[in-house]
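Asks: Just dropping this structure here.
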Amino acid sequence: MPRNILKSSLYDAGFSIIFQILCRIVTFGINAFIIRHVGREVLGIMNVRLLLLESTVLFLSREAVSRAALSATSQQREKCTWSQLINQQWLTVIICIFVCLPCCYVWLNCLSSVDIVYLDQYRFACYAVLLSCIIELCAEPPVFVSQVFCFVKLKIGLNTLHIFVRSVIFLTIALTDPTAAIYAFAIAQLASAVTIVLSHYGFYAYYINSLNLYKQNRNPTSSCFLKSDLEDWRKYFFENMDDFPLKKLSEFLPGVMENESKFFNSELQILTLSFLKQAVLKQILTEGEKYVMSMSPVLNFEQQAMYDVVNNLGSLAARFIFRPIEDSSYFYFTQTISRDVPLNDQDKTKVQEAGIVLGHLSMTVISIGLLALCFGQSYSHTLLYLYGGADFIAGGLPEILLKWHCLAICFLAINGITEGYMFATNTSHDIDKYNYLLAVFSISFLLLSYVLTTIFGPVGFIFANCINMFCRICYSARFIWVQYKPLGINPLRDFVPSKMFLFAVFVGGFLCNSAMFKISMTSHLMLGFGCVFIVLMTWAYENKDLLKVCWAYRKKLKFE
């Protein structure tokens, strides 16, 4: 029985959500510690400047290679060998080295200056972050194999170990000497990168040997064949792995695996180049406000830290729910829909299933976005007060930022799914064409961020984000409509939540907003929980058929 792609995508989304929650809890705890014991300026240097450096290098180095290789595993099996795919993954290290050189110069010499007190620590941290990125990408081949063969629990387990190591090392050093917090951050980054590499290769050293032994024992002609072995726990891990390409750990290295074709696949390189252009633009769109903050004196480090904390709180839904769903749905769509074949010429069952999944996913995330928008207006003050205390919310800026973030969540919800579907099913030519439009979006976003921030302050970043995402949503929606029109299918019809749900969520939000500051905080929270429960029950009643299908499919997957 072949691996179930939809099942693995659903499990990946579920486990990723749990991991994101764990990660956010740890991050919020560390941020709270830094604010109270180290200072907001240090938090701004680490969470904005240094994490932006890490995000820039890693995203530009592996995003394009990973997306192109995932497409190749499903749509170009006969054209691309596993040896070429492994060789392709090592390109991330080479790209990373070339990306690190200009980034190192820019971060040390061109961005807004760091206080002289932290300058030595900052320089050391920049070098450490760049080195950790290079080390981490040495694990990209086993990470890619894990994703293709649906090792979901391995991914979550090792990511959790990575976060644990980084957090423990940072807190150990920072608690000993709070003035060395940036040094602690740098050392923790290096240690966690080494952990990622050792844990991945260590797992596959064990797994490949065990898989080879299992295949030998399963062979009836083998002298060591044991029937009972086929019924034990090892069958769960090995029974669908006949197509697993690696026979020894050294085959993860470039050029080691037997290959009768060229070292690299030319078609895969063209697709990678298309995604690389797109990755540069997408990184600007994703981290644009941090680039603006770093390159211009719009906000000082303390204000950057405040914006970052509020931005993280406002993006909880995006990080916990939308991003894992987007990643898993992208994997599902790449494995279901072929890029270079019109939908009319593909398997009708798979195409219809993909359209239904797209419609239901979009409707669900839009419903979550509306829930955050309506109730976020009433509980932004309470959430910030509980997190940072009265001093943190003094002046009202954090509360205003978080309320506007709730609007941005609605745009984030639908943009992630529609754009993810478009990227998963676009041809190389379509991707190149969209890159030009994405360049326009990127430039306009940076200009809008600077202009609107000058006028409205930090809230201008959110306004620019909303405008930019709205334009991208319109383009993606048009692509979906045009693609499915010849089949007489329109997934866009399923995007809009039911009227009863819309009525319930807006009424609930209005009641909670009206009661704010008129009753005690405890009573206000209880009212909110009650209203949210009623809204969720309304959604469940309106979508009971969908829930029945999901429940039935869940039971089916469990038995499979």
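Glycine residues also receive a Cβ, built from the backbone N, Cα and C atoms like all the rest.
This is the feature table in TrEMBL:
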TRANSMEM  12-36  transmembrane segment
TRANSMEM  90-108  transmembrane segment
TRANSMEM  128-149  transmembrane segment
TRANSMEM  181-208  transmembrane segment
TRANSMEM  356-380  transmembrane segment
TRANSMEM  400-424  transmembrane segment
TRANSMEM  436-456  transmembrane segment
TRANSMEM  462-481  transmembrane segment
TRANSMEM  501-519  transmembrane segment
TRANSMEM  525-541  transmembrane segment
Asks: Most CB pairs under 8 Å with the transmembrane segment (462-481): which of 356-380, 400-424, 501-519?
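Replies: Most Cβ pairs under 8 Å with the transmembrane segment (462-481) come from 400-424.
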Asks: Against the transmembrane segment (356-380), which of these stretches has the most C-beta pairs under 8 Å: 90-108, 181-208, 400-424, 525-541?
Replies: 400-424
Asks: Under an 8 Å Cβ to Cβ limit, what residues of the same chain, 6 or more beyond the ends of the transmembrane segment (90-108), are close to it?
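Replies: Those are 49, 53, 56-58, 60-62, 65-66, 123, 126-127, 130, 133-134, 137-138, 140-141, 253-254, 272, in sequence order.
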Asks: Residue list, the transmembrane segment (436-456) vs rest of chain: Cβ under 8 Å, 6 or more residues beyond ends.
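Replies: Beyond its ends, the transmembrane segment (436-456) has Cβ neighbours at 278, 281-282, 284-285, 288-289, 291-292, 296, 298, 463-465, 467-468, 471-472, 475.
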